[in-house]
């Protein structure tokens, strides 16, 4: 039987030739010796003939970080590794030189090879070996067996490391003594050959700025060690003398910039080296290096940086008078860096009464420093941007109060001066009985009018200090209506609603049918509230639409004479704004659910137009979570609030989910679901709402697009960020982020990243990590909310059902609110 073998065709031959040409070119470029084989990552030299006489280096003498392994064996003519030879291979990790003629390793041989992890120098001609080539390397293995070491002090360092079990495995290393006797290295004894020691004269170096100090370093060891000082980043002038023992270091005119630096004394001989260190503490007078006008964050903050040692005491002054701090206005130190303190004066909901000059005084026993900054938080009422005031009714009497106690930082408002009609003198005792009766009747009627007219004016009543200082809000949600499904819709069009800082078009979802005014529920009836039944107490905040006040509302509920409410005003009196106002009121009237903030009605008697919502005692959920988290002790004074339990977190989460189920059933898309837009009432009752104020209070949560639009991108899915597409599925994504907020006690999502970095992470498919206190079942639920494709996300009803089941499995105790 004849077998046929196909001969290589010309194409295959050409390919093989090309490969050989490429390999040959690379080999030539590297300068690979004849006894070596070279690749892009490895050099292998094991052929004894013709052999190599020096360590292989690249022909172009440029650094190469691709080669990670060099293996050399059977090279009897290779006797040394010199400076700058191995240094060309900066990426080298493994070096093997075995069964060769190696006699010498330069002390600078591996100075550039910081990645070296493994060195094997076995079976060579090494009679001595210094420690210096290896002291800066983080080696996992250094193998030195079967070398003709000579018993001397120079190899004592190898014994010391063997004794301290520096290597993963003990090695049988031998040396030859003066009698040509071969002994184990571990049994080697060399007189006057010890590891040196070093001791500083002072380990608590303290000096006043501008003074001088001298430090001594006493060393011992055999052979006598060389001494050096390590003075990294030392700014002050200094002199050292290491020619005698003890060595000395004198620092002159010490600078405060050197406070906190470490000063080290190093003693080194051929056995090894030791280092001892002490921290330099410089005492100096305070210096306020930075102070700036207030910036809005979660609270208003006047930022500052103060240097000083000992730690300066800080005192604030307002308009020249001492500012007594309280829970509403206090100094917070955020970062301490040696003797540098970064912090701010934090003000909770300041008003125009807090405008003025603030002076910071920093003082310690070495001196003091002060800096002043002007602060403007709010315009004075009555200048066109203040709250609604009837000048004929109210007289504002401002008393210079202690601004530190914000519960007393309100205008003292006098009640209307009710003038009682003076009693008319009797002209004669003979006035007819009929006229007397008529006068009495008139007086009775006047008294009745005065009695029931006391609440007939819409304005602020009484000092605001009697009301809780919590911020609370609720707001319109967004119904999916017919119109353009692009963000380029006319801002002033009929489908635009006021959202925080701007008007944003209502986005159409083609899966739903739109709803117009004619399609509202037939029984839709917006309750109208008389203006004289609304009495403002204090301002809660301000959005683009206008201001929000805490108020008392009379005759709203049959069972109560008056109740606390949140009042939202409309400052824009244009026709379009009024149309939006009425349309919004009709939509809100249809939202009736136990976990949606209740809308009571409107007041349209005169200007401004007013919406009335229920008031939630404990404010927004984000502040509530922070106040009941592990970091609450950093923010609170006095008793620390009780920390939320896992079951209470689940109870909160399932209430929010219940509210979102209802909104989805009504074809509403929230578009700004976050803990800052949820409110907390009695017995851990949580409701969804939003006055739009959160864009002012939580400004860092929003990303400004163009000149006006602010988007909560940390809560938005990819399709909303990239295409401005808002649907029930995008609300599901936001609900997952809300769950993450709850189980982190109110942390900001992606708090470690800038807004641009957050956009990049979300659009690239990254998700938030599992919170430390979060059960796996809840995190799996979060991941179900964060699927990139909207149709792959969990259904809102599924989420509510899962949270309900988890909450039922863990009973809730509601005494957290006291």
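Cβ atoms here come from the backbone N, Cα and C positions, even for glycine.
Note that the structure is a prediction, hence the values are computed from the model and not measured.
Listed in Swiss-Prot for this protein:
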SIGNAL    1-31  signal peptide
DOMAIN    196-281  domain 'Ig-like C2-type 1'
REGION    400-420  region 'Disordered'
TRANSMEM  427-450  transmembrane segment
REGION    469-494  region 'Disordered'
MOD_RES   512  phosphotyrosine
BINDING   540, 541, 542, 543, 544, 545, 546, 547, 548, 568  ATP binding site
MOD_RES   698  phosphotyrosine
MOD_RES   702  phosphotyrosine
SITE      702  site 'Interaction with SH2D1A'
MOD_RES   703  phosphotyrosine
MOD_RES   813  phosphotyrosine
Task: Express the predicted model's confidence over the domain 'Ig-like C2-type 1' (196-281) as a mean pLDDT, rounded to an integer.
output: 94
Query: Around residue 542 (ATP binding site), how many other C-beta atoms are within 10 angstroms of its C-beta?
result: 20
Query: Same-chain residues six or more away whose CB lies under 8 A from the CB of residue 546 (ATP binding site)?
result: 568, 569, 570, 571, 572, 608
- request: Just give the helix, strand and coil counts over the domain 'Ig-like C2-type 1' (196-281), going by DSSP.
  value: 3 helix, 51 strand, 32 coil
Statement: Around the Cβ of residue 540 (ATP binding site), other Cβ atoms found within 10 Å total 25
- request: Taking the Cβ of residue 548 (ATP binding site) as the centre, count every other Cβ atom within 10 Å, in any protein chain shown.
  value: 25
